[in-house]
């Protein structure tokens, strides 16, 4: 039996040991999991469609509804998140060099002084998977490696935003691409793997885990500014969800009156097609977020199963917000509006109140200081933010703390037009302040143009009534600004005659005009071949000389469009249509009244030059009036016209020349073209968006006398203006540069030229062959071209099949590649020689005439 003093001594030692263990557990640094989505909105209600976020954060943590990014674009915002500094201090202000991206982050010295480096110095193991920064790519992933990570698996450009073809780079291993695998699921898998790695040190080292899926960012190759970006791609298991959901129809959604400032005043109202596109975009975002929601659930469950959830803070937020349709804006971000700057922020963990919602201001520059506070690390003096209060007492004190009633927001925009599909906003440079408190909610911004916006967001949460004056900064009232910006106030010649029609009907009517007028030009080129017999007799010329008229027309097509068509991007489509079609009619008249063959040969050159220009500009008009995902079918029809129109010419010309004088071939073409000219004058609107905005801004300047109304393409007074000659010269030089410096363009142009040359050889061959071999007369010989026409129509009718094939390829690979449009051309490459051999081997009196015509149809289909 032990002495009494020994028992008391043991009891004392046991109690002391227990106290030490308890103190060590209490002082042990917590684990931190940081989940960062990409472009997720707060204002449009995306969190309402994430049940696991609701379960694990809204119900089990605190929801900060007035959390703001300090710059509404990915990379600068992420740098602020990880450094605790605003963009004007980091000097990382954009997503690509020289002003932003990972290279700018490195050059500013932040690879040695940002969150993971500091956490490692404080004893943490640090892990990260997903998107880190923009312009962190397969070219610079090891130059240098991002510092501070115990384990990492980064998404890399140019495939960062490809949901089904992502490129990851793990630790210091070379990048690897995962075709066909879903990006958000790959990030979730890696997050759970790093979590398992971190848990091996449980009890000895705390961990920080950053998880950054790309959802719900758009899908696109080439990074943030990709021109080919499309709505996000959801996982297959989620793609049928929310079929009836639309963008919330708040009062600032596609408003009747314009709002904002500067270029915001001249944004046209969204049409039905654009609204439907936005609704689909919204659904795709919600569908994409379902995989993120599942990832949240998986991470929380893994922490719970490992017994560390009660000692882990989990943060959920997004780098910036997003708008769809508000203020007439197409899907995008970067703007000084609540939709773009207000983002989700939720936190759960030890001491965090459950089921609580707070409405004081917190910001992205507060996040790094907050993580320092959670990890018991001394705050840095260079932090711009301060720790977010997360305890009950701290939240109560912050309600009246001046540090939590405002946020500074800024953006440095690039000089880019507000394009037809949204995304990039025009010179969107501003400094702003958002102020919130008990009884007040205000927003104030100053643009680089010195224009100001001020909103009382208690009364006007949609930022529609600018209390600083009109959106233009002029003395005009808001109603006047609307009057000046409305299409009905445009000069009559600038108005769109289809503006009151549904978008689909308007587009179809404009397409019909383009196809009809383009067919007239190309029909004129080949109808000439039907005039040989009568014309040669009248002028006493040989068949060889008369065929030169076909050649000079083609030479005009070769020289005219490359020189004239580019001017449509300086003057607009409509002036080029009016000018070239007028000249086409005038140059056709001398052919009708010619006294010799020389007159016809010369004027045919100019007819080809001016008529071909209309056709080449029409492709640009199709690009103006159709969205990228709609353009394949219309463009296939426009591409058909240069080949089908010439086949109609011999049919029309054959009937004319068989029954009346050859000169009526030209008279009828002149009458037809003049009727089409009237249609162009009265029913063909300007479709090139920058020119439409320019006309609108010009009209506003004339009406208000305020020179600050400027379209995105205009320089302000006092800026250096390039000469008109230099602009025109650059426009004319551009197609030549594309042709000779881009191998793909050059090869396609040569291939098209060869096909067109073969087709025009048929105009010489068909009349002779079918007359000599089958005894056909002039109009019967013209009808033989129906075989080629039928073949072309069959090829055009197959366009939906090829579109479906392309869609499947896009879904498989995660992005649209130019090569995905090649399958029909590849099949055509096989059908063309088959059709030519078929025709050549079967043109014989011993074989029925329909057989070579079928062969020509195979060629036409190719």
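Just so you know, glycine gets a Cβ as well, placed from its N, Cα and C.
Note that the structure is predicted; figures quoted are calculated from it, not measured.
Annotation comment: TrEMBL describes 466-478 as compositional bias 'Low complexity'. Per TrEMBL, domain 'Major facilitator superfamily (MFS) profile' is recorded for 507-862. The feature region 'Disordered' is assigned by TrEMBL to 466-497. Residues or ranges marked as signal peptide by TrEMBL: 1-22. Residues or ranges marked as transmembrane segment by TrEMBL: 544-564, 576-593, 605-627, 639-658, 664-683, 744-766, 778-802, 822-841.
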Quiz item: Where, among 605-627, 639-658, 744-766, 822-841, do we find the most CB pairs under 8 A to the transmembrane segment (778-802)?
Solution: 639-658
Quiz item: Which one of these stretches, 605-627, 639-658, 664-683, has the most C-beta pairs shorter than 8 Å to the transmembrane segment (744-766)?
Solution: 639-658
Exercise. Go through the chain and flag residues at least 6 beyond the ends of the transmembrane segment (544-564) whose CB is under 8 A from any CB in it; none is fine as an answer.
Key: 524-526, 528-529, 532, 535-536, 576, 580, 597, 600-602, 604-613, 615-617, 732, 735-736, 739, 756, 760, 763-764
Quiz item: Hey, which bits of the same chain come close to the transmembrane segment (605-627), Cβ under 8 Å, at least six residues off its ends?
Solution: 273-274, 277, 420-421, 506-507, 510-511, 514, 517-518, 520-522, 524-525, 552-557, 559-561, 564-565, 568-569, 573, 576-577, 580-581, 583-584, 587-588, 591, 634-635, 638, 641-642, 687-689
Self-check item: Cβ contacts under 8 Å made by the transmembrane segment (664-683) with residues that lie 6+ beyond its boundaries
Solution: 497-498, 509, 513, 516-517, 520, 523-524, 527-528, 530-531, 577-578, 581-582, 584-585, 588-589, 591-592, 652-653, 656-657
Quiz item: In this predicted model, what is the average pLDDT of the domain 'Major facilitator superfamily (MFS) profile' (507-862)?
Solution: 82
